[in-house]
Every structure is written in structure tokens, then in C-alpha cells.
Amino acid sequence: MNVLVIGGGNMGMTYAEAIAKSNFLTSGSLMIFDKSEEKQAELRASNLFVVHAQLNTCLPAADVVLIAVKPIHASGLMAEMKPMVSAGQLFVSIMAGVTIDTIKQGLGIGKVVRAMPNLPALVGLGMTSFTASEQVSRLELAAVERLLDTTGRSINLSSESEIDASTGISGSGPAYIFYFMQALMDAALKMGFHEENARLLVGQTFAGAVELFNSSDLSPEAWMAKVASKGGTTRAALDSMDDNNVNALIQEAAYAAFRRAEELGKQTGGKEAVHA
Ligand SMILES: NC(=O)C1=CN([C@@H]2O[C@H](COP(=O)(O)OP(=O)(O)OC[C@H]3O[C@@H](n4cnc5c(N)ncnc54)[C@H](O)[C@@H]3O)[C@@H](O)[C@H]2O)C=CC1
Ligand SMILES: O=C(O)[C@@H]1CCC=N1
């Protein structure tokens, strides 16, 4: 199977490296195309894939094409690709807010998978949600799943509305966790810790809590109860959060991302989409 990655930025490079280092490609090659010459040089230096400087030398030969450019560049890229694509090719897009219909129309093809990855893909702990157009077969979907799983875990959803919802949870989610981490670090600094110690206290606390969460089926609430003693320090903190409606505010933030994902999808061809 020949796989082509278009766009060798943060996400495209992450996927290309993960695919190249996995056993996904038992035959064929991993090709990558980026229009920036500087980026091409960087990609060549990694020696992991076949770097192309033009679409016409790689696109017609690809069975699967992973599109990883910014949403704002989607329509220009698709116009350039259209004369070179064929109906048998499968297109996997990770562009935020660019719908399956926009891609179908932009390329004049039918087989499209829309995926929403997240940043921890960089370290092999990504969470990618995806959904496919009707024309994508079960066999092709299984191959896409294996491809996406090279960067972590994936979940096959049944609609683009669920992709928008998952954007509000896992796509944007890492930023919420960093927000919480920043707040705890700010508190630690205020309490007099040096930056290095504040980082250690916060980073190891998050890593440990996440490891515990993933080690069983217990709910976060049940884990909270294990930390908090009656009348103790944790209870004081949790009561303070409840008094300030923090749970509801976090939910509201996730919904804001969900609504924004829906809005972006309604805009034309990603043209007005953010520089996600
Ligand atoms: N960063 C994140 O956490 C997430 C990003 N995404 C999506 O991933 C996609 C890529 O984002 P990044 O990798 O952060 O962007 P980036 O800016 O790092 O990389 C984009 C690359 O595409 C290249 N490019 C632009 N136009 C091109 C064209 N016409 N032909 C070939 N190459 C072209 C650029 O030279 C650049 O190297 C975006 O669509 C974004 O919505 C999705 C979920 C999460
Ligand atoms: O903020 C954004 O729009 C993109 C989508 C999910 C993560 N980054």
C-alpha cells in the first residue's frame, strides 16, 4: 500500500514518523509532500520517507492520502489535487472543521475519512476520533484505524456531529489539562516554590493521577473519595471548587469548543476556518 502524507508540519510529521516507524507499511512506500522547500529539506534529513517536491510525482501513485495542512489551505490544495486524483483513492483528513462533503466536492471523489487527532500523538499517546463516508469499505476502515493507531488510540464514530463533540473533549482537551496545570503551578509559585520544583510537583501529580485512572474502571469521583479524608485538606479544596461551580464551568468550556467546531464545519471549505 502506498501512503502519501500532504503537509509535513507538526501533525503531518508526527503521523509520517509514527507510520514509518510502525509495521503498518508491509509493502509500498511512505511518501510525503510539503510545498515549503525548507520543510522538504527538514523531512529529507530524517531519512524516514520519500520526500516529494511536487504533487504530480506522488499523488497519482498513492492508495491512501493523509491531508494534514491547515484548514485555511484546504481549498487551494484541493483545487491543485483535483485533476490528479482517482475514485479508488482513500483520503484521510485531519483538518479541523473541514467536512467530509467539502472534501468530496473539493476533490470530486467519494472515499473520505475525517479524523480529529490530538497533540499527545507527538509522544504516541494521541486520541483520534474518526468517521467515514459511505463509500469507504469495512476493510479500508480497518486499515485507516491501524494507520491512526500508530500515534496512539482511535475511536470510530458514526457521525460528523460526534467528531465535533469529540473535538470539545479530546481534540482541544489537552489544552484544558494544561490550563489546570498552569493554575496549579501558579499556586505553587505563589506558595514560594521555585519554578523547577513547581513543575515537578505538578507534573508528577498529573502523571500519577492519570496512571491511577487508567489502571482501573473506577470513576474520577471514586478516586477523589480515595484522596479526600473527612474534614481534611482535599475536602477543603474540593468544597471550594464545588462552591465556585468549577465542574459546570469546565463543562461549559468543552461545549464552547464543541459549538465552535460546529460553526467551523458550516463555513465554506475551511476557507474561513481558524489557523487550527
Ligand atoms: N495541533 C493540534 O493540536 C491539532 C491539529 N489538527 C489539524 O492538523 C492540521 C495540521 O496542523 P499543524 O500540523 O499544526 O500545521 P503546521 O502549520 O505545522 O503544518 C502544515 C504544513 O502544511 C504545509 N502546507 C501548507 N499548504 C500546503 C499545500 N498546499 N501543499 C502541501 N503542503 C502545504 C505547510 O508548509 C506546513 O508545513 C490542521 O488542519 C489542524 O486543524 C487537528 C487536531 C489537533
Ligand atoms: O483549536 C483547534 O481548533 C484545533 C482543533 C483541536 C485542537 N486544535
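Note that Cβ sites are derived from N, Cα and C of the backbone, with glycine treated the same way.
Residues annotated as domain 'Pyrroline-5-carboxylate reductase catalytic N-terminal' in TrEMBL: 3-97.
Sequence annotations record features per position, and here TrEMBL assigns NADP(+) binding site to Ile6, Gly7, Gly8, Gly9, Asn10, Met11, Ala68, Val69, Lys70, Pro71. Reduced to three states, the DSSP call for Lys70 (NADP(+) binding site) is coil. Lys70 (NADP(+) binding site) counts 18 other C-beta atoms within 10 Å of its own C-beta, drawing on all protein chains shown.
Annotated domain 'Pyrroline-5-carboxylate reductase dimerisation' per TrEMBL: 160-264, in sequence order.
In terms of DSSP secondary structure, the domain 'Pyrroline-5-carboxylate reductase catalytic N-terminal' (3-97) contains 41 helix, 19 strand, 35 coil. The number of other Cβ atoms within 10 Å of the Cβ belonging to Ile6 (NADP(+) binding site), over all protein chains shown, comes to 26. Within the same chain, the residues at least 6 positions away from Gly8 (NADP(+) binding site) whose Cβ sits under 8 Å from its Cβ are Ala16, Ile32, Phe33, Asp34, Lys39, Gln40, Glu42, Leu43, Ala68, listed in sequence order. Summarising the environment of Asn10 (NADP(+) binding site), the number of other Cβ atoms within 10 Å of its Cβ, over all protein chains shown, is 12.
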